[in-house]
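Asks: The feature compositional bias 'Basic and acidic residues' is assigned by Swiss-Prot to 801-821. Swiss-Prot lists 594-747 with the feature domain 'STAS', giving sequence analysis as the kind of evidence. The region 'Disordered' feature in Swiss-Prot is assigned to 643-663, 793-821. According to Swiss-Prot, the transmembrane segment annotation covers 133-153, 161-181, 186-206, 221-241, 243-263, 292-312, 384-404, 424-444, 461-481, 484-504, 518-538, 543-563 (among others), on the basis of sequence analysis.
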Amino acid sequence: MSFIKKIKHYFADPADLPQDEAPDSVPGLVPPPSNFVPVYPEPTYSDTVSKKGTIVRVVRHTASKLTKHGDSSQSLSTLPNNDISVGEYVEPLPSVPGWLKQNIFSHFGTRLLHYLRSLFPIMNWLPRYNWNWLVYDFIAGITVGCVVVPQGMSYAKVATLPAQYGLYSSFVGVAIYCIFATSKDVSIGPVAVMSLVTSKVIANVQAKDPNYDAAQIGTTLALLAGAITCGLGLLRLGFIIEFIPVPAVAGFTTGSALNIMAGQVSSLMGYKSRVHTNAATYRVIIQTLQNLPHTKVDAAFGLVSLFILYLVRYTCQHLIKRYTKFQRVFFLTNVLRSAVIIIVGTAISYGVCKHRRENPPISILGTVPSGFRDMGVPVISRKLCADLASELPVSVIVLLLEHISIAKSFGRVNDYKVIPDQELIAMGATNLIGVFFHAYPATGSFSRSAINAKSGVRTPLGGIFTAGVVVLALYCLTGAFYYIPNAVLSAVIIHSVFDLIIPWRQTLLFWRMQPLEALIFICAVFVSVFSSIENGIYTAVCLSAALLLFRIAKPSGSFLGILKIANKFDDDENSIDVVRDIYVPLNQKGMNPNLTVRDPPAGVLIFRLQESFTYPNAGHVNSMLTSKAKTVTRRGNANIYKKASDRPWNDPAPRKKKNAPEVEDTRPLLRAIILDFSAVNHIDTTGVQALVDTRKELEIYAGDEVEFHFTDINNDWIKRTLVAAGFGKARDATKYTSRSIEVGSAAPLRDIETPMAPGNSRIVMPSSVRVRPFDEEEAIESSIPAIVSEDGADSDTISVSDDKDKKVEGHRPSQDPTFSHHEYYPVISTTYPFFHVDVTSAVVDIQYRHVLDVNYKPKIVTNEVENENIEHSDGAA
């Protein structure tokens, strides 16, 4: 068609067009039934063709006055005496090629560059680095370095590795992490729980093959765990961490802390060789108590050190609160208490042992090699990797949970965003590079991260200065490390690990918030103490997964009713009352029981799902819908079966006593079911099949087609799935000759300025309008919600009474030159009339077509209905 013909075609009257071009009708766009209460003066219709060739129905109205409900003398505003047009809107359903094009192939090069750049967050903030940041990072780095050196050696002792391996892990963790980090506070290095897991892994592998060296096992474990963690981050799978709740993490962390403390008491008292520290925690405690008579001089070093550590801690905390001027001094004193106690203990040990170096009276650390003597390409054994395969899940879980939970907590406290996927990459890269230094697995440390944050660190570059302190210790202080008492190191470990135990108040809080999660916490601690740390971790993870699946399989869906509410802004006579209907659970959970929640319109069920509609909960939702429908509605035809033998065995006949009088069933027929999908983010094949089965069962019960309406669908793929299963429109297109369309105005409203409008602090009504106080009886007796139909009724209407003498309550744009032409557009696609914006729109649509159908006679549907399957795209029975 040429351009001139297109112009003529556009301006031509549809009646003058050729028969093959003039539309006979537009499906669904017809006047309402004659017995329907009119909201506006009868409109006139004309079909035309838009510029794009789309058939559009234009609706013309005469001007109508709108009055406040119950007060016909006060006009709120008047519609301009101009045309109001409502066009079409067809929303395309998503497709797999379209998704791939949009999310994968669209701007692929730009996406790839952005992804590669995101792997190195240091590129974003390093160009803006300044001297002020440098000063704070230097102070924080040195402070953390003074803590990480004694802790690194102590935790290496927990891991049953030589002390230098703890220093290697400490150096690599703080030096490499800053390149990939999204958290400025986290300090990566040896930690108590991961060191304990490493010791268990070493013991298990050496039990299979004693030829493996402990350091080799620790390095290989770091390689494998780091590779898995880094891979999860590169694939953006960090969300899997969210499947384990906080109580589960707290459970096995508490169990691990108890195990570590129990294992260090024997070293504190000087008889470590008499206690098997790799046994279950309760056995370690029993053996420790049994060997108390074998206590040695080491106990003097250990117990005194432990007492001083706690004394300094609580004294400094008290002085910080009392003398705020010197809180910086007290803070540094508190932070350096572990380093100072080791220095003092080492000096005393040197005085005691310097003349008896070959046979010291106390247990001392011994020789620590200087520098990075073990640095190099590691030798990885395939057999060792195979032996470690069964130990990897526990190691990876501990690495993930400890680090991410610490990073997120400091991100919340200090107001910056932590990216879990990038943190996994950072942790994985740190452990992979640490293999070349013969480091064992490292992750985020809560105690050192807290010190880092309180020291005023500004960027992750503070880890470089911490690494410098570790290097200085490795090259200059290893000679002094020889005389460090093991009892003092045990005191430092017990003091550090004690904070990992969840206090009883937190346990009580778990119980008050979520009793089931509190039980998971208790079970994790119990299994960790009486079995093993590995079993405690598995117990916490499995119970958390079971609880999650249970909640998905048994969603707390609710059937909705209508509650009329009003907002009272002031107590004076100038207050404004806003009355509206809302849909709330019929059981009134969480509401005042004195309120009256009305049932939805007769024959209509409104159900709100609280979870995604997937295979675990499909059967449960099906049972809830069918059970409720058969309770509140009657069967469409009680005599559907001609003979008793025709009735299925699972469909018992109604029972009545002999000679009992016939009682008329006043329950309504089932007309429609409205499903509120506002909380549904996904629906799978099983869920759709459950809906198809539910519809089939209820249609046999009702004796006619039951409409399934869906509201608040927030995912295009859900619409695609429902449409493929035959939902979204009536299956018998000839039966429903009218429907309503939710339309929205393209012009702003100017009647009432609300607090949401700029420059206003309260609602201001036009000066010509008197505002009445709230009338409770009027609110209760008010009628059905606004009916906004395709006849062009304005979407700004508030409510419509079922009494013909009452007027429409609401407001319209005032007379203004800018409102010379009002255009209204469908809010959602008009292709699928059973998809709605909200529950109110769905109820309006059903009432518009059913509520006045007094001669409605349902047709009889036998039990020989053809099986419906979701393979039928039209959903026909």
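For all residues, glycine too, the Cβ spot is worked out from N, Cα and C.
Give me the lay of the land around each of these features.
Replies: Within its own chain, the transmembrane segment (186-206) has Cβ neighbours under 8 Å at 144, 148, 151-152, 155-156, 158-161, 166, 169-170, 173-174, 177, 212, 214, 217-218, 221, 252-253, 256-257, 259-260, 278, 384, 387-388, 391, 394-395, 398-399, 402-403, 406-407, 410, 423, 426-427, 430, 440-446, 448-449, 451-452, 463, 466, 493, 496-497, 500, 532-534, counting only residues six or more beyond its boundaries.
For the transmembrane segment (221-241), the list of distant contacts is 198, 201, 378, 380, 385, 388, 391-392, 395-396, 399-401, 404, 419-432, 434-435, 439-442: same-chain residues at least six beyond its ends, Cβ to Cβ under 8 Å.
Taking Cβ pairs closer than 8 Å, the transmembrane segment (292-312) reaches residues 267-271, 274, 333-334, 337-338, 341, 345, 348-349, 361-363, 485-488, 490-492, 494-495 in its own chain, all 6 or more past its ends.
Sequence-remote contacts of a segment are chain residues at least 6 beyond its ends whose Cβ falls under 8 Å from one of its Cβ atoms, and for the transmembrane segment (484-504) they are 150-151, 153-155, 157-158, 192-193, 250, 253-254, 256-258, 260-261, 264-265, 267-270, 272, 298-299, 301-303, 305-306, 309-310, 313, 338, 341-342, 345-346, 349, 362-365, 446-447, 521.
The list of residues near the transmembrane segment (518-538) in space but at least 6 beyond its ends in sequence, with Cβ under 8 angstroms from a Cβ of it, reads 193, 196-197, 200, 245, 247-248, 250-252, 254-256, 258-259, 280-282, 393-394, 397-398, 502, 507, 510-511, 544, 547.
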Asks: Tell me, please, if the transmembrane segment (161-181) and the transmembrane segment (384-404) are in contact, taking contact as 3+ Cβ pairs under 8 Å between residues separated by 6 or more positions?
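Replies: Counting Cβ pairs under 8 Å (6 or more apart in sequence), the transmembrane segment (161-181) does not reach the transmembrane segment (384-404), since there are fewer than 3.
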Asks: For the transmembrane segment (424-444), find every same-chain residue at least 6 residues outside the stretch whose CB is under 8 Å from a CB in it, and list them.
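Replies: For the transmembrane segment (424-444), the sequence-distant neighbours (Cβ-Cβ under 8 Å, at least 6 residues beyond its ends) are 119, 156, 159, 161, 165-166, 168-173, 176-177, 179-182, 186-191, 194-195, 197-198, 215, 218-219, 221-223, 225-234, 238, 372, 374-378, 395, 398-400, 402-404, 406-407.
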Asks: Taking the transmembrane segment (133-153) as the first stretch and the transmembrane segment (543-563) as the second, find out whether 3 or more Cβ pairs fall under 8 Å, excluding pairs closer than 6 in sequence.
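Replies: The answer is no, given that the two segments have fewer than 3 Cβ pairs within the 8 Å cut-off.
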Asks: Grab the same-chain neighbours of the transmembrane segment (543-563) for me: Cβ-Cβ under 8 Å, and only residues 6 or more beyond its ends, written as numbers and ranges.
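Replies: Non-local partners: 243-245, 248, 516-517, 519-520, 523-524, 581-587, 589, 591, 595-600, 605-612, 614, 616-617, 620-621, 624, 628, 676, 839.
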